[in-house]
Structures are given as C-alpha cells and as structure tokens.
Amino acid sequence: MPWHRKHLLTIEELKRSEIEQILATAGAFRRILDRKVKKVPALRGKTIVNLFLEPSTRTRISFEMAAKLLSADVISFDAAASSTTKGETLRDTAQNIQALHADMIVLRHAASGSPLYLSKVLGIPVVNAGDGAHEHPTQALLDVFTMREKLGDLKGRKVVILGDILFSRVARSNIHALTKLGADVTIVGPSTLVPHWFESLGVRVSHNLREALADADVVMLLRIQHERQGVSHFPSIGEYTSMFGLNYTRASWVKPGAIIMHPGPINRGVEIDSDIADSDRSVILQQVTNGIAVRMAVLYLCAGGQPEAVTVPVT
Amino acid sequence: MPFLHIKNGRVIDPASKRDAKGDVFIADGKFVKSPTPAQKKSAQVIDAKGLVVCPGLVDIHVHFREPGQTHKETILTGSQAAAAGGFTTVVCMPNTSPVVDNAGTVTLIKAAAAAAPVHVYPTGCITVGMKGQALAPHGSLQKAGVVALTDDGLCVQSNELMHRAVEYAKMFGLSILDHCQDESMTEKAVMNEGVVSTRLGLKGWPHAAEDIIVARNIILSRYTGAHIHMQHISSAHSVELMRQAKKNGVNVTAEATPHHIAFTEEALGTYDTHFKMNPPLRTEADRKAIIAGLRDGTLDCIGTDHAPHAPEEKDREFDYAPNGIIGLETALPVCLDILVKKSKFQLSHVIDLMTRKAADILKLPAGTLAPGATADVCIFDPAETWLYNTYGAFSKSINSPWDKQNLTGRVKTTIVSGKVVYQNGKMLV
C-alpha cells in the first residue's frame with residue numbers, strides 16, 4: 001500500500017495500517033544501523049531544517065542523526081539566537097525557511113497544535129517533533145517499535161503508563177498508538193496528573209499503583225514536568241516518589257519478562273530508581289537507538305519515499 | 001427630518017406586547033401613534049412587506065477599542081457594524097488604552113460617540129487601572145456619563161474589594177457587570193477543561209472557576225442589595241446558580257452570547273483561533289443549559305461580547321492568540337437559527353432578549369416601539385439567506401467564526417432616533 005501523507009502531525013490521525021507502514025520502514029532502516037556503513041542515499045540533495053523552538057537535546061540529535069544517515073543536509077535552528085526572540089511570528093520564520101528552499105521542517109514547539117498550523121501555512125512537509133502537551137508522534141512510534149521488538153504483537157498486551165500524564169505529549173501519542181495496535185492501556189499516577197478525562201481516549205485510569213502494575217507487560221515511566229505545571233499538582237517530589245516512584249519493590253509487582261521504558265530524560269531517584277533504570281528489564285537505551293530508525297522512516301516517507309522501496313540487506 | 005411611515009411589516013414589540021402586521025410612524029425622532037393627514041401625505045414610506053419591524057437591537061457588551069487600539073476597531077467602525085447588525089444601542093467595555101478609570105477618558109469616548117450612527121454608552125472601571133487593587137472613582141465616572149462599571153475581562157479577585165465596590169457603586173445607581181473568572185484556577189488556560197482539552201493537550205479553564213465567582217456575586221448581591229450582572233455565562237452550573245438566585249429574589253441578571261449558544265468546545269478540534277474566547281466554549285450540556293436559561297428567563301439577554309482583533313494577532317499558535325471574536329453583524333441571524341429555528345423559541349421572545357430585556361438591565365432608554373420613545377428600529381428579513389464575508393463587512397476586524405458562512409435572517413434597515421442610518425447593505429451616515 002503506498003504512503004500518501006505529506007506531514008506527520010499526530011498519531012491520532014494515523015490509521016493502524018499507516019502505523020504499520022512506518023514501523024515496517026523503520027525495521028528496514030534499523031538494520032542499517034547495525035551495518036559498518038550506516039549511510040544510505042535516500043534523501044541526498046534534500047535539506048531538512050530542525051526548527052526547535054523549545055529546548056531539546058535527544059530528539060533534536062536523533063532527528064539530525066536520522067536525516068544525516070539518509071544523506072540529507074540538516075540545519076538545526078537555535079531558538080535562542082533566532083529572529084523569534086525579536087518578535088518574528090512562527091508563520092514568518094517558517095515561510096522564510098521555506099523560501100530558503102528547505103525541503104522539510106521538523107518542528108518542536110511549546111504550543112499545542114503548532115505543527116498543524118504550520119502545515120496549513122507551508123507547502124513543504126512538516127514533521128511534529130513534539131507540540132506542547134499534545135503529541136510527540138515519533139516518540140510513540142519508537143516506543144511501540146521497541147515494544148514489538150521485545151514482546152511481539154501488542155494485541156492484548158497490558159501497557160501501564162505511569163507518571164505525569166496530564167502534561168505529557170508522549171502519553172497522548174502513546175495512548176493513540178497503543179490503542180490502535182490493540183494494546184490494553186492503563187494510565188496511573190496522582191489524580192491531579194491523571195484526570196478521568198483520559199478515559200475518553202480509550203484507556204483505564206487508575207491511582208492505585210499496585211493494582212495497575214499487576215500483570216503489566218510494559219511499564220512506561222514519564223518525567224515529572226515541573227516546567228509545565230502552573231501550580232503544584234502534588235505536595236512534593238518526595239511525596240510523589242514515595243507514592244508513585246518505581247523502585248525495586250514496586251518493580252517486582254510486574255510479571256517476569258515485563259519491560260521498563262522511559263522517553264527520557266530520566267530523573268533518577270524520582271520517577272525511577274537507578275537500579276531499575278539500569279536493570280536488564282530496562283529498554284531505555286534501545287528506545288534511543290530505535291528512535292533513529294523510526295525518524296529515518298518518517299523523514300523518508302514524508303519526503304515522498306515509499307515503504308516497499310526500502311530494501312536493506314543484512315550485512 | 002422626514003416623517004417616516006413603515007408599513008406592511010410584521011411589527012414585533014415585546015415591550016408593548018405587540019406582534020401583528022401594522023404600521024409604525026416616526027416624527028422628529030420619536031414614535032408617534034398615528035399621523036396627522038399632513039404628516040401622512042408628506043411621509044417617507046418604507047415598505048416592510050415580508051419583513052419584521054422591531055425595536056433597534058440593544059447590546060450591553062461590546063468592545064470598540066477606542067482609545068488606544070484603533071487598528072482593531074474604532075467607535076465609528078464598531079458603530080457601523082452595530083448598525084449593519086440591527087443594533088441601535090451599544091454599551092462599550094472600558095478595557096481601552098488607557099482604561100476608562102477617569103472622567104477624562106469618558107469625555108473622550110463620548111465625543112467620538114457623538115459622531116457614531118448608533119447610541120454608544122460608555123462603562124467605567126470598577127478598580128483603578130483594572131488592577132483589582134483600589135476602587136476607581138465611581139462617582140466621577142457616573143457624573144461623566146458611564147452607565148455601569150466593570151473591569152471586563154479582569155474579574156475582581158478580592159472578595160472584600162468586590163464587596164466594597166458593589167456597595168459603593170450602588171450609591172450612584174450604577175450596576176456592576178462582571179466577567180466571572182477565578183483567575184487562580186485558570187492561569188494559562190486557553191479552552192474549556194475536559195475531554196477535548198485533554199485530547200488537544202491545551203490547558204483547561206474549568207467551569208468551576210466561573211461558578212465560584214457567580215456564586216460569590218450572588219452572595220454579595222444578596223448581602224448588599226446591589227445589582228450585579230454576570231457577563232457571558234458559559235456553564236450549566238452557573239445557569240443553575242442564577243436560577244436559584246432569581247427564585248430567591250436576588251438582584252442579579254445575566255447574559256448569554258451568540259457563540260456560546262451556537263458552538264461547543266468540539267469546534268476547537270483544529271486549533272482554529274476563531275473559536276478561542278473567554279470564557280471558553282464549553283460542552284453540549286452547557287450549551288443546552290444556556291439555551292434553557294434564556295428560555296425560562298434565568299438569563300436575561302443576549303450580549304455579543306464583540307471583541308475585534310487584528311488578523312495577525314489571531315493568525316498564530318493557539319496558545320498565543322488573543323481571546324475573542326466579533327459578533328455584531330452576525331448576532332441576529334445566529335440567534336434566529338439557534339433559538340427560533342432549532343430551539344423553537346417564539347420570534348418575539350428572541351427579540352425581547354435582544355431589545356427590551358437588554359435595555360432594562362442598565363435602564364437604558366431603548367428597546368421599544370411605544371409612542372414617545374426614541375425611534376430606534378430594526379427591520380429585517382427573517383427568511384433571507386446571505387453569505388457573510390468579513391471582508392467588505394463593517395467591522396474593522398475579521399475575527400469571526402461565521403466568516404464565509406451562509407446565514408439566514410438579514411437586517412435590511414436600521415433607524416436611529418428617526419434617521420435611517422443603514423439600508424440594504426449601505427451605511428447612510
């Protein structure tokens with residue numbers, strides 16, 4: 001089936017078959033990462049601009065790496081030194097980048113919906129690298145890619161997402177991806193960060209960690225995002241950790257073979273103890289590696305590539 | 001000024017319980033019961049066959065941005081938009097630049113309003129600089145000509161200051177208009193808190209933040225006897241609080257906007273900033289409760305909250321766009337659609353909400369076709385469907401969710417103090 005989308009804005013708008021197409025393409029690119037020479041010419045001659053208007057390290061580097069491995073030229077935009085600090089609007093900044101003959105924009109923005117807005121303003125593809133508390137589609141794709149790598153088909157698998165759900169774009173994108181792939185999703189955390197509204201997205205809401213972790217195949221932890229919280233949503237970090245932090249004892253509540261995930265950056269000793277983060281159950285670093293392959297797939301497809309055209313021999 | 005004879009129309013004047021085919025006569029800017037033979041002979045006749053003839057519409061909640069933000073709207077352009085929408089009396093909010101917390105600014109506004117095609121009444125601030133810290137000079141403002149007091153979008157947060165404000169304003173016969181919002185609960189909020197904000201990842205504005213202030217104001221009104229008017233009610237619970245308060249005889253009134261009866265939070269699905277307003281669009285249950293409140297008299301009138309913003313201000317990321325939409329030129333067709341067509345209100349009831357009842361809240365001399373009253377008239381075709389296009393419309397701004405939509409119900413003629421100011425798409429003054 002051919003790939004038709006020009007932009008990747010949300011997981012919510014993707015059909016299951018489109019998610020499968022991206023994951024299959026990412027699978028092929030993932031094999032490239034194990035070769036001695038990791039570069040392919042798929043996007044040679046294309047220029048991709050990383051328009052990161054909100055601080056990011058791993059996502060920006062991951063997109064840069066992905067673009068470079070596809071032989072694209074990459075320009076990363078430093079928000080602090082940009083015209084946006086002089087009051088230039090997002091529309092003008094992006095239109096200027098387009099006028100400079102960029103072929104694609106990867107946007108990270110603090111305001112939800114910004115990639116959709118930009119996609120209506122520009123003629124070139126826009127890839128969402130995280131918009132406010134809305135979505136972070138490539139993170140969800142790399143998460144489900146990693147889950148499938150470890151667990152196989154996700155249908156009926158129990159995935160627990162634990163932590164700051166309210167302010168998390170990762171949680172939203174993962175909820176959409178996982179429910180489309182047939183997983184059974186429970187979100188858990190303090191009631192102020194895990195409001196009941198989320199049930200409308202097809203997940204179970206729980207505030208009881210022990211109950212939620214029982215029989216979990218995947219425990220995905222989320223960072224407590226102090227920077228997004230206007231008021232205190234819980235009494236203290238200490239209280240949060242004592243109630244919801246994943247420590248050795250709590251990790252024993254999940255079933256054997258379950259994996260522990262985290263989109264990073266992790267707050268060691270807050271949402272996760274070091275011995276769990278570094279344990280053999282943890283797939284946190286595999287997530288990072290898989291992120292390159294998934295982003296290669298997304299950049300490749302949005303630039304007009306087709307899934308079936310990616311054939312990478314194992315070398 | 002010619003003698004005017006409006007004939008063949010369906011004359012609806014809820015204030016005088018009139019709803020029948022008939023004539024309306026105007027001499028020297030006032031309605032008269034019947035003309036003399038000489039007047040009849042010399043009359044300028046307006047044939048209103050197939051049209052509705054009603055009192056000029058009254059809106060007690062508009063923003064005309066003058067002084068200070070005239071790139072969005074001026075008193076003249078706002079008044080022209082009003083006239084085109086059938087409004088003949090409007091009440092301007094004081095969040096201009098500078099704000100209306102002194103008699104000098106009132107004088108300035110009144111001077112500009114003198115050249116406007118409709119009656120424009122200013123309001124003054126409750127507190128100095130609308131900062132919610134010290135009372136503005138209510139007495140001086142009243143003397144200068146304000147008809148009410150409000151801090152508009154900046155609801156007074158201190159209960160004690162609000163208590164003293166309503167007590168003090170009452171002495172001058174001034175009502176307090178309040179935008180009910182507990183700001184401690186709505187910091188950085190951009191839409192209703194609920195299922196849709198959860199999905200969109202936008203910060204939610206819980207209806208409880210409105211309900212708490214509505215309840216506070218009901219308590220203060222009951223305690224002091226002062227009149228407090230709740231602006232643009234958006235929540236079902238607030239409607240219920242108002243219903244109870246009115247049952248208890250508390251001196252409170254409230255308004256609803258056309259956009260809160262027409263849309264819900266679902267309209268924000270594509271982050272369209274033309275649906276970003278404060279208070280935000282809420283749920284279908286809230287929308288229905290507002291309509292029920294208008295039906296049973298819990299909510300007293302329609303107010304547009306006409307809030308012009310320049311295109312470049314709305315054309316940006318949802319979080320950063322200002323709240324508000326324009327509404328004067330679309331209010332009547334929207335109310336006809338939502339209330340008459342879809343909610344089966346009597347046409348005369350809707351006209352009552354947009355004329356007499358609105359005027360009565362602030363005791364404005366408007367809202368009736370009764371002999372002796374100032375001759376403000378709206379003549380509209382309830383059946384005409386037309387394309388609303390903000391480009392070419394009268395407001396200086398274009399921030400309307402109804403832009404390029406077909407609307408049914410079109411104002412044909414607007415008469416202010418006996419003078420035809422707007423007719424068939426043209427401004428005549």
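Using N, Cα and C of the backbone, Cβ positions are placed for all residues, glycine too.
TrEMBL: automatically predicted annotations, no manual curation.
Bear in mind that the values here come from a model prediction, so they are computed numbers and not experimental data.
Among the features that TrEMBL reports, domain 'Dihydroorotase catalytic' is placed at B:51-236.
Residues or ranges marked as Zn(2+) 1 binding site by TrEMBL: B:HIS61, B:HIS63, B:ASP152, B:ASP305. Under the three-state DSSP scheme, B:ASP152 (Zn(2+) 1 binding site) falls in the coil class.
Under the DSSP three-state reduction, B:ASN278 (substrate binding site) is assigned to coil, being neither helix nor strand. Less than 8 angstroms from the CB of B:ASN278 (substrate binding site) sit B:GLY153, B:HIS179, B:GLN181, B:TRP205, B:ASN323, B:GLY324, each of them six or more residues away in the same chain. Taken from TrEMBL, the feature substrate binding site applies to B:HIS63, B:PHE64, B:ARG65, B:ASN95, B:ASN278, B:HIS309.
Residues or ranges marked as Zn(2+) 2 binding site by TrEMBL: B:ASP152, B:HIS179, B:HIS232. The C-beta environment of B:HIS232 (Zn(2+) 2 binding site), restricted to residues of the same chain at least 6 apart in sequence and closer than 8 Å, consists of B:HIS61, B:HIS179, B:GLU255, B:ALA256, B:THR257, B:HIS260, B:PRO279, B:GLY303, B:ASP305.
Residues or ranges marked as domain 'Amidohydrolase 3' in TrEMBL: B:294-422. For the domain 'Amidohydrolase 3' (B:294-422), the predicted model reports an average pLDDT of 98.
The active site annotation in TrEMBL covers B:ASP305.
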Q: Pop the Cα-Cα gap between B:HIS63 (Zn(2+) 1 binding site) and B:HIS309 (substrate binding site) into the table, whole Å please.
A: 10
**Q.** Least surrounded among the binding-site residues, given as B:ASP152, B:ASP305, when other CB atoms within 10 Å are counted
**A.** B:ASP152
Q) DSSP three-state call for B:HIS61 (Zn(2+) 1 binding site): helix, strand or coil? A) strand
Q.
Measuring Cα to Cα, how far is B:PHE64 (substrate binding site) from B:ASP152 (Zn(2+) 1 binding site) in Å?
A. 13
Q. How far apart, in angstrom, are the most distant Cα atoms among the substrate-binding residues B:HIS63, B:PHE64, B:ARG65, B:ASN95, B:ASN278, B:HIS309?
A. 17
Q: Give me the Cα-Cα distance between B:ASP152 (Zn(2+) 1 binding site) and B:ASN95 (substrate binding site), rounded to a whole Å.
A: 7
Q.
Cβ within 8 Å of the Zn(2+) 2 site centroid (B:ASP152, B:HIS179, B:HIS232 excluded): which residues?
A. B:HIS61, B:MET93, B:THR150, B:GLY153, B:CYS155, B:LEU177, B:ASP178, B:CYS180, B:GLN181, B:GLN231, B:ASN278, B:PRO279, B:ASP305
Q.
Suppose we draw a 10 Å sphere around the Cβ of B:HIS63 (Zn(2+) 1 binding site). How many other Cβ atoms does it contain, all chains included?
A. 25
